[in-house]
Amino acid sequence: MLELKGISLSYEKVCILSGINAEFKHGEVNVITGNSGCGKSSLIKLINGIVPYIDKAEVSGDIILEGISLQDKNIVDRSRHISSVFQNPKTQFYALDTTDEMAFALENRGVFKEEIFNKIMFYSGLLGTRNLMGRNIFRLSGGEKQMIAITAVSCMEQQVYLFDEPSSSLDIKAMENLKEAILKLKELDKIIIIAEHRLSYLRDIIDNLFIIKDGNMVKFESGGINDDICAEYGLRMLKKVKKEELSKESTSVADLFANESKNISAGYDKNLCNDTDVLYCRDFKYRYGDHEVFNFDIYFKKGVHFIIGSNGVGKTSFIRCLCGLSRGFKGKIYYGRHRVRRPPDIISLVMQDVNYQLFTESVWDEISIVSDDDVKKESILKDFGLSDKKDLHPQSLSGGEKQRLAIALCAASKKPVVILDEPTSGLCRNSMYKTADFINAMRDDGKTVIVISHDYEFIKYCRGNIVEFKGREIKAL
Amino acid sequence: MSEREFVNKNFKHIINIDFRTKLLMTMFLSLTVLSGKVQYRYPIFLFAISVVPYLLLLDIREYGKCIKGLVLTSAAWAVSEFLPKNTDSFLQGILYMAAAIVIRMLPGIMAGYYTFISTSMSDMTESLRRMHMPDAFIIPVSVMFRFFYSIREDYKNINEAMKMHGLTFIKNITDPARILEYKLVPLLVCSMRTADDVAVCAMTRGMVPGSKRSSISNARLKVLDYIIMFLFAGIFIYFVIFN
Amino acid sequence: MLNKSRFSVKDLVNAGMFSALIIGVFWCCGMIGFIPVLMPFVPFLGAFCSAPVFMLYTSRIDKPGMIGILGCLFMLVFSLSGHGLFVIPVVIVLSIISEIILYTGKYKSIIHARLAYTVFMASSAGPLVPIYISRESYRQYLIASNYGADFADKMLAVMPMWSFFPIVLAGCLGAYLGTGLGVKCLNKHFKKAGMI
C-alpha cells in the first residue's frame, strides 16, 4: 500500500496542494483528476521523486510505501519500487531500438542477459507488443510508442506504476490498447495511479477517483462515480461520446478513393471551384511507400468542418498535402475563384505540438508576425485572455496558453483558411469549451475552419460539419 | 522462442562485424585515402578501396546513399582523370579541387556513416565498454546519436512551421540573422526540453553513471573481425608508411 | 555504489545533446566547403553559427569535464568521417585550455565562456588540415609529371599554404563574434523565458 500523509506542495510560495492524505492499495486503478494546474501532475512527480530533486518546490509531509518512508530517497532509489510513464511519447525514450529500450532498465540493474530476454518475452506477450520488437522507435506511431514505454516499465516488475496523462496524444484505438494494458497491470496486483483529464476511456476500470480542487483532494469510489460529479467539478465527461451520437444531418462521408472509380456521383461539381467561398481540392492523389492513401476531390465551404476517421486513414497526410508541405504533390487547390499556388498564403496551421511554432521573444511580437493592425491585435489578445501576458516570452506560458496563442495567431491573420490538428489533446473541460468558442468566433469572422479531431465530446459541443474519411482497409503491419 | 527474434530487423546483415572493427576499418580507410601518395601511384587500387564502403552500405540496404555516393565518386574520378590538365582556366582548377575533395573525403564519410548506422546502440555501448571507456564518454556518445534523430525531426517540423508563417529566407533576405534566430531558438528550446525529459526517464529507469551494467548485446571479436582489422591496418602501413 | 561517476545523468545527457547540436550545426556549415572557393570560410561560419549553442551549453555546466566530453565527441565525429586524425591532438590540448578558462571563471562568468569557446574553435580548422597535406603531395605529383612548378602553383592558388593561420584566426574570430550574438540571444530568449 502506498500512503500519502499530510502532503503539502508549493512552487515559489504559491501553494498548490495542502494537507493531502490518501491510500493507494494493490490491484486497484486509482485515477487523479482535476482542472488544469490543479496539481495532479505535481502529485505524480512528488511520488516518483522528480519533485523536489529536479523540479524545485517546497514539500512537506510523507510518502510511505509498504511501511518504508520514501521521503529521503532520490529518484534512482525510488525507481527500485516505482515505475513511471510520462505524457510525451516522443521524449521518454533513451534508446533508438524497441528491444534496447525494453532491456534498458534491466541492464541498469545488472540482470543477466537470458533473464532480460525472458522478461521481455513475457511482458511483450502479455501486453500484446510482441510485433513491435526489433523496430526503430522513431518510426512508430504515438500509440505504439506509448505501448513500448509501458512494456519497458512493466519489465521492471515494480510494485507501483505511475502514469502522467498517458493518453495525451493518442487516438481512440491507442487509448483502448492503453486501457487493456492498465487492466493487465491491475490483474498483476500492482498499485496503479493515473493522472488524467480524459476519463472516458478509463470509465470501465476506475476503482477510485480522486479529484483535486483548491489544493484538497476528494475521493470517490467506483460505485459512486457518475457524470453528475464530473459536471459538478468541471471535468471531462465520463461517458464515451459515440460517433453515432454526432449530428447525422451534418455528417458526410468522404470516400478517399472516389476518383479512382471515376465516381461522379460523389457529388463534387468541379464548377464549385469558381465559387467565391469554397476551398476546392482537386485531383488529390497521394502515395505512401507502396500503397495509395487517397485519390479524391473534396471541397469545404465557409464554416467549421471536423475531419474524423480511423487511425492511419490519411487525415494528417491530407492536411500536409493541403498545406503544401508534401514534396512532389500535384493536387490543385482553388479558393475564391483562383488557383492557389502557394497554400501558406491562404492557410494558417496549428500543429499538434505548438512548441514548433513559437519563434519570437514576446507574445506581442509573436502575434505581429501575422498582422500589422495594432488595434486588431489588442482586441484578439483580449478575447483570448492573453492581454496581460503581452510582454512575456511565449515559452514561459503554460501548455494551454501556448495553444491559445497559436489559435490567436490564426484569428488575427487575414488568411481565410484555418487548420487545427488535434487542438484539444490534453485539455481540461474548461479549456476545451474555450477552444470551441474561439473556433466559433473565427467562423463568425468569415473564416473556413478545418479541424482534425478524435475528441467526440468536443465535436459534439462545437457546431459544425463533420466529414468522415473512409479509405480502404490497410493491412496491419 | 529464440533471441534472434528480437534482433532489430535493420541489423540482419550478411557481414556481421564488431563495432570496434568498424571503427578501426574506418580510421585506416580514411587515412589511406586521404594520403595523396596512393591516389597518384596506385589510382586503380584507390578506386577499389573507395568502393568498399558502398558495398557495405548495400549490405545494410541503404540503397539511396549507396547510389548517390557511387555516382558522386565516379563523377569525381572522371573529372580527375579526364579533365585536360593543361589549361589556365580558374574554373577548371576549382573543379579539379572539388573532385579531389570528394575522392579524398567521401569514402571516409561513407565508412563512418556505415559504422554508426549499422550498429545497434546496445552493441556500440558494449563494444565501448570493452575498450574500457568510462561511462562519462559512453553515455554521451549513445545519447548523441539518439539526439541526431530527434533534432532532425524537430528541425524539419520547425522549417515547416516557418513556411506556414511566411518566415522564409526570401522574404527576409535583408536580415539573415533573423532567419538563423527563427530556426535556432525553437530548435534549442525543443532540444533542451527533450534532453531534460530523456534524463528524467533514464533516472526513473535506474541509470547511475559509473555503476556496473549488464548488456543484451553479443559484441565479440570473431575471426572475421581480426582478418578485417589486420587487412586494413596492413594496407595503411604498406601503402602510406613504407612507400 | 562503487566507482560512481562524478557526472550525473543530467550532465551526461546534456553533454550528449549539446554536442549533437554543436557538431550538427558545425557540420551543416561545413557542407558549403565542398565548393572549394568557399572552403576557407568554413571554420569562420561553423564557429559563428555553433557559438550561440555553446553559450547555452555553458549555462548548464557547473563542473570540469563537460568541455572535455564535447571535445571527445568532436574528435570522434570528425576523425571518423574522413577528416583525418589531426583533429585529435589539437582538440585535446585546446579542450584542456578551455576547461581551465571556464574553471577560473567559476562557471558563472560570461566573458570566460566566450574566451573558452574562442580558444576551442582554433580547432575548427583541424578538419581542413588534410586538404593542406594532400595539397603538398599533389604539388609534388604535378612537378614530377613535368607540368612545372609554375603551373602547379597557379593551380593551387586557391588555397596557398600561408593561408592556414589566417583561417585558424578566422575560426577564433567567428567563435568570438558568435558567442557575442549568443549572449544577446540568451538574454533575449532564454533568460526571459526562465529556461536558464
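We count from 1, first residue shown onward.
Every residue gets a Cβ built from N, Cα and C, even glycine.
What TrEMBL records for C:12-35, C:41-57, C:64-80, C:86-103, C:115-133, C:164-186 is transmembrane segment.
Within its own chain, the transmembrane segment (C:164-186) has Cβ neighbours under 8 Å at 40-41, 43-56, 59, 110, 113-114, 117-125, 128, 132, 196, counting only residues six or more beyond its boundaries. The stretches the transmembrane segment (C:12-35) and the transmembrane segment (C:64-80) meet in space: the count of Cβ pairs below 8 angstroms, excluding pairs fewer than 6 apart in sequence, reaches at least three.
In terms of C-beta pairs under 8 Å, the stretch of C:64-80, C:86-103, C:115-133 lying closest in packing to the transmembrane segment (C:41-57) is C:115-133. With a threshold of 8 Å between CB atoms, the same-chain residues lying at least 6 positions outside the transmembrane segment (C:115-133) that come near it are 26, 30, 33, 39, 42-43, 46-47, 51, 54-55, 58, 67, 71, 74, 78, 83-84, 86-87, 90-91, 94-95, 97-99, 101-102, 105, 159, 161, 164, 167-168, 171-172, 174-176, 178-179. Under 8 Å from some Cβ of the transmembrane segment (C:86-103) lie the Cβ atoms of residues 58, 61, 64-65, 67-68, 70-72, 74-75, 78-79, 112-113, 115-117, 119-120, 122-123, 126-127, 129-130, 133, all in the same chain and six or more residues away from its ends.
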